[in-house]
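According to TrEMBL, the features are:
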SIGNAL    1-26  signal peptide
DOMAIN    32-151  domain 'Alpha glucuronidase N-terminal'
DOMAIN    155-474  domain 'Glycosyl hydrolase family 67 catalytic'
ACT_SITE  GLU312  active site, proton donor
ACT_SITE  ASP386  active site, proton acceptor
ACT_SITE  GLU414  active site, proton acceptor
DOMAIN    475-699  domain 'Glycosyl hydrolase family 67 C-terminal'
Amino acid sequence: MPSLPRSPFAFLLALLSFLAAPPVAAEDGYDLWLRYKPLPAAEARGYLKAARRVVTGPQAGETIAIAREELARGIEGLLRRAPAGSTRLAGDGAIVIGTPKDSPEIAALDLPLDRAGAEGYVIRSVRIDGRRAIVIAANEEIGVLYGAFHLLRLMQTLQPLDALDIVERPGIERRLLNHWDNLDRTVERGYAGQSIWDWHKLPDYIDPRYRDYARANASIGINGTVLTNVNADAVALTPAYLEKTAALADVFRPYGVRVYLTARFSAPIEIGGLDTADPLDPRVRAWWRDKASEIYALIPDFGGFLVKANSEGQPGPQDYGRTHADGANMLAEALAPHGGVVMWRAFVYSAENPDDRAKQAYDEFVPLDGAFRDNVLVQVKNGPIDFQPREPFHPLFGAMSNTPLALELQITKEYLGFATHLVYLAPMWKETLDADTYAAGAGSTVAKVVDGSLHDYPHTAIAGVSNIGSDRNWTGSHFDQANWRAFGRLAWNPLLSPEAIAEEWVRMTFSNDERFVAPVVDMMLGSHEAAVDYMTPLGLHHLMGTGHHYGPAPWVDDLDRPEWNPVYYHRADREGVGFDRTETGSNALAQYAPEAAAAFAAPETTPEEYLLWFHRVSWDFEMKSGRTLWEELVHRYTRGVEKVAAMRRTWAGLDELIDAERHAQVAAFLAIQEKEAKWWRDACLAYFQAVSGLPFPEGYDPPARSLDYYKSLSFPYAPGH
Ligand code: GCV
């Protein structure tokens, strides 16, 4: 217990200092990274010299007005100064914002706006009529808003504001969230409450959250959102629902966020009264053309359709003996006159096809390369199976030089511990973006395929399956906000480092206190590898519980479709474990360019994190550590649990540096994560031990419970399913 000061004077001093430094106020996470809490006094004073007033031109439109308000809000919060808005310069310290069309000051400056494109911006320290100012200039209003958020980020993260000389433009044209939100407000693979779209009350009630959602997205450069689940409902395309979508589009428009919808392929039958959805039937084509016109009459900047077809039970062109290209092109033709695009998903695999599931998308789509209309993008998940904790990059990225490929990432953590596990996903996404496809020689990274620089695509896109819901903190956990932000930041610039993104997020979301920033960034950077260790180390994959994907179930072998069973993926038996995808097995390896495949060709030279993805090896296979494969498996599972325990300890020691409310929730979630990491470890090792018949290596605790116990657990109400 702390000792009380002895003299009354000392007591008074202690009391005064306590009152002068009130505890950090509780926060519920609603403000995300846009908190604008007061900066330390010295920095705030310095910034006020450079940024005390916002100046807009006389013709400024709605988006510039939003940028002005945002800057004003930032200055007021961060610098504790009510900023004077103005259309005139008056002394030093103005932030002059606008485009050459609406701001005479900006038009008169010689700025490199040709390098900023339609959505980019220039931020510069300048002198105007002898007065020191900062300009945020862009070709279009949305660039001004993006630039305003950039300037605020500099202040929020305590960067210098003198001598600014920044030119930014996004690397990818369409940076989209994909909501897997259903019209009844359930969210497929959603762990943050209900859907934020309150369809029933739309279009008459506009929840203020919609604007905050658009604002948050604009702050990280996300410029589109697919509102509905890819397991689509045709009702979303009925007139009543299009009106609702139009109401959302109206809210999002000034923030540069366009709406898209998923198109159910059988909609012409379900809501159109036709008896077919055959893409070559003229009546079907006419129906989609009319539907597109109806949509654009309500939403002139509608982005287009996202389609899941002939996949996991969804209808599609193959129901009529047609190809994916036939289906996509029909929709593309309907959207083309209005400027819309089709994003056609390559996530296909079939129960009737006995070949390795990992090969099926490539086999179906590569023969169609070049057969798609200009306004079609084929949307490909990062890996060939399904958002596993670790997958090698999808071979389609190296094989479709004549078709724009969009990259689909999953922000929601379906296979990575739902909302309660702290797993920062940027390092995983970077592995895909940086992977070399060798499509056009060395250096043909997935990032260069996706951003169009390798094949000069007419359109480029990247999609993140949203983790947003109605929870007060938006994403179900405070740390999952970092994944939303990281997706936006990488979509804007795929070259950014996970570390830089984590650091700015920590500073903006929690604190600039170095005692907090460094350990938390470290925790985040190690968190993905920790999850891989305690869930699916060494290239194992799809060991999750049936349907809901919560927790371990490597023993499942009785589901209808072979590839729904974990045993299909790990193939463990007395002799060994792993999926042989070399030429002695499924030969999925042949779908990669020879230079890329070479890295995975032999078990001895394959990076160990992909070993069991590509190879089946015996339990006594010697690993780089000198351990046998079995010992290494035990080691990695154990290491994963230890890493989570270490994250917990780190976090516990940071309690005085941030508000108690958020600290407590993160601490509680880390406790859940540690418990579940242990469960993963014990259940998987109990199973693999039973299969291999090997003794538990010395120095490692055996599983806490019997294999039968782990098998008996059931989760009928796990969320998101
Ligand atoms: C939207 C996985 C998920 C499904 C999801 C599907 C897809 O299979 O478990 O919930 O469905 O991927 O991406 O279409």
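Here the Cβ of each residue, glycine as well, is placed from N, Cα and C on the backbone.
Remember, TrEMBL labels are computer predictions, not curated facts.
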CB contacts under 8 angstroms to the residue listed as 'active site, proton donor', restricted to the same chain and 6+ apart in sequence, sorted by sequence, are ASN231
Taking DSSP H, G, I as helix and E, B as strand, the domain 'Alpha glucuronidase N-terminal' (32-151) contains 47 helix, 27 strand, 46 coil
Rounded Cα distance in angstrom between ASP386 (active site, proton acceptor) and GLU414 (active site, proton acceptor) is 10
Cβ atoms other than its own within 10 Å of the Cβ of GLU414 (active site, proton acceptor), all chains, total 24
Students should find that the Cβ of ASP386 (active site, proton acceptor) has, within 10 Å, a number of other Cβ atoms equal to 19
